[in-house]
Structure formats: C-alpha cells, structure tokens
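Novice: Let me begin by handing over the structure; questions about it come next.
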Amino acid sequence: MKIEKKDVLKALETISVPGEGQNMVESGAIKNVIVFGEEVVVDVTINNPSLQAKKKTEVSILQAIHKEVYQKAQVKVNLKVEAPVQENKAPQIKGKPIPGIDNIIAVASGKGGVGKSTVTANLAVSLAKMGFNVGLLDADIYGPSATIMFDVINEKPLSVNVDGKSKMKPVESYGVKVLSIGFFTQPDQAVVWRGPMAAKALNQMIFDAAWGELDFLLVDLPPGTGDIHLSIMQSLPLTGAVVVSTPQNVALADARKGVAMFQQESINVPVLGIIENMAYFTPPELPENKYHIFGKDGARNLAEDLQVRFLGELPLMQTIREAGDVGRPAAMQEDTLVEQAFIDITRNVVEETVKRNENLPPTQAIKITTMAGCSPVNKQKQ
Ligand SMILES: Nc1ncnc2c1ncn2[C@@H]1O[C@H](COP(=O)(O)OP(=O)(O)OP(=O)(O)O)[C@@H](O)[C@H]1O
C-alpha cells in the first residue's frame, strides 16, 4: 500500500491538539510529514507541556492515520513542546473568515435589559448612514428584538441561489441587512435552546446567508456570560466586542464579567470599549437638568478601571424607547441630540476597530475612518 502525504494531512485535519480549537494542520502544530512506503513520520509541536496532552496528541495522531489512511501504517510521532511566545497572546481572529465580511463586532451586556439591542440597532443604522455596508445578526436567543426594532416582524428571509448553493437572504431595513433568530420562531413561542443548538442555528445565519459585501456585521449577543456565549464566540471570527452597561452597580458587576469573558484566554476577543446607556435623564421642560437615575459615571469608571475605551454615553429618553417600539431606530432622526450621541459613539467604535485591525491595509483603514468622519489613523505602531 502506497501512502500519500496529502491523505495523511487530510487525516490530521480531523483532529486538534488538546485545548486548541483549530485542527492540527490549520493551527500549525504539524511541522512536517514524511512518508516512506508504509512508514509515516509526523513532526508535531504543541504548547501544552502536560504529560496528558502529549500522550493524547500522540494517540490521536496514530488513531487518525490508522483509521483514515491505512490501518497498518507504521507511524512515528516526533513531539516537541514549545511554550507559547508572549507576543502570540495578542488577540487573533479565530474561526473561518467569512468572505466579504470585513469586521464582525459582538455587542454584549452582562445584565439583561440594559439596552444592548437598542444600542446595536442604532449603531447599525448610524454606520449605514455614514455609508458603510452593514449587517445585523440578532443572536439574542432569549429575546430576539431586531425584527421589531427594524419593523420587519412580518417578513421572512428569502432563499437565494449563490454559486449553486441555496442561501438565506437577510431582510433589509433602513440600509441594514438583518437576520434574526426571531424570523424563525413564533412571537408567542417560548424557545429553549441548548448551547450547541443555538450555535448551529447562528452558524447557519452567518455562514449560510447571502450577506454580500459588508464593512461591519454587528452581532447582538444574548445577555449574560453562559455556555452559549462560549460556543458562539469560539466559532465566530470576531474582530472585537462592545459591552453595554447602565451606570447601576448591579449592571456594572455583570458588565465586568462580560469584559472578563472576552478577555479570557480561550476566547481572547479584544474589547473595543464600553458604552454607558441610560446615563442620565433630562426632562424636556428642564433641558439644563441631568438626573442620574441609575448612578453617575459608573460605566465610564469601569472602562477606566479595566483599561478599555469609554465609547460614550446615551441618555435615558422616551424617544429612544418609542423609536425602538415603533420600529424606526432613534438614530434615523436628523439633527437631534440623540442622532449626535449615536454618531459620536459610532465614530469611536470605528476608530477602535481600525486601531485593532493592525493588519488592515492602510488604504482601507483610511477609507473606513473617513467614511465615519474620523481622521485617518496612522497605521504605523506608535
Ligand atoms: N437610552 C434609552 N432610553 C430609553 N429607553 C431605552 C434606552 N435604551 C433602551 N431602552 C429601552 O429599554 C428596554 C430594554 O432595552 P433592550 O431590549 O435594548 O435591552 P437589552 O439589553 O437588549 O435586553 P435583553 O438582551 O435582556 O433582551 C427597551 O424597552 C428599550 O426601548
């Protein structure tokens, strides 16, 4: 039996190093494969120095080759352990890149009801008004609301044919392409999703959708920091995350957990910043007064404490709530304080995204900063 190197590599693509998401070939763990007749030599380097990880890696390589290639192959595994270099800790975009989508930004909150979906919808509309191609994926499996906020509750995504494959076409509203888990559930139906089910449904909405060319895809995550988040985030190539909180202590404690979730080693998604929602209330008849109903500057202080950018604050306003309810996001307004507040926050999000994308080609960095009305950033490392 003549063993082909390509078949060995294919077999090794079915397994991963313990503790790592990507397969061994994709992650670069496999350094070399040499085949002599029925003999196969595999050079593999792993980061985990534990005996268990070494053993497991070796056994899974043997099993994969015996099962997928040739049962009697004589396999020799040369295993090396190399501690990860510190520089490699910088967040990297994980998961398969999605052709045509430049930036995927997750919007999260620790606590429910702090206005995460409202902020996501308005960020999307502001970005679209600035001229960006924008998509919004409502992944809030507990309470999807994008269909209401974009007034598309009675619509359904159509199926379109893209390169011979049937894909889901997002529903477009106010210049934003929207897909929501809400399109697939009845309004009065309670949906109980387990982590893997939710991740599968969301993966379909991302990878099997005809998003076209997008500068930004915003993902409205469910509130909290549970298993569902882990499975969603580990499979998506996220550019960064934005955390929304009110200034209230109970919300801040959860927002802190939200930031920690993104920063934990297995996720390692850069936090672009924190947005403070419901920062204060100003009655229309007393425009000079600010009432800090949920506390003052809580999210601003949290951002400082966690050394992430404070992206801006939004007042508690009846028009923001009404706009959400009638399905015309408040950022659609022209020349109002609300519109300006969303523009300022959106610009900061764009600026942080460009900073984060250190590898973005300079021309593209300039294009996206100028579209957002920001100054072109210097792409050289300061
Ligand atoms: N700045 C604001 N001013 C007034 N009302 C707001 C503001 N932000 C959000 N709201 C209202 O607060 C309620 C909760 O907002 P939203 O649904 O966006 O929160 P959420 O964090 O996404 O909630 P969950 O994820 O738990 O479903 C909505 O009725 C929304 O219209």
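From the backbone N, Cα and C atoms, a Cβ is placed for every residue, glycine too.
In TrEMBL, annotation is done automatically, which means it is predicted and not curated.
So TrEMBL has the following annotated:
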type	residues	note
BINDING	Gly110, Lys111, Gly112, Gly113, Val114, Gly115, Lys116, Ser117	ATP binding site
DOMAIN	5-71	domain 'MIP18 family-like'
Novice: Could you list the residues of the same chain, at least six apart in sequence, whose Cβ is under 8 A from the Cβ of Lys116 (ATP binding site)?
Specialist: Val107, Ala108, Ser109, Asp140, Asp220, Leu221, Pro223, Val244
Novice: Could you break down the residues of the domain 'MIP18 family-like' (5-71) into DSSP helix, strand and coil, giving a count for each?
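Specialist: Counts, helix then strand then coil: 26 helix, 15 strand, 26 coil.
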Novice: Please go through the binding-site residues Gly110, Lys111, Gly112 one by one and keep those whose C-beta falls under 6 A from any atom of ligand 1; give the result in sequence order.
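Specialist: Within range of ligand 1: Gly112.
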Novice: Across the domain 'MIP18 family-like' (5-71), what is the average pLDDT of the model, as a whole number?
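Specialist: Averaging the confidence scores along the domain 'MIP18 family-like' (5-71) gives 90.
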Novice: Other Cβ atoms within 10 Å is the metric here; tell me which of the binding-site residues Gly110, Gly112 scores highest.
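Specialist: Counting Cβ neighbours within 10 Å, the top one is Gly110.
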Novice: Quick one: give me the count of other CB atoms within 10 A of the CB of Ser117 (ATP binding site).
Specialist: 26
Novice: Beyond Gly110, Lys111, Gly112, Gly113, Val114, Gly115, Lys116, Ser117, what residues of that chain have CB atoms within 8 A of the centre of the ATP site's CB atoms?
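Specialist: Along the chain, the qualifying residues are Ser109, Pro223, Val244, Ser245, Thr246, Ala251.
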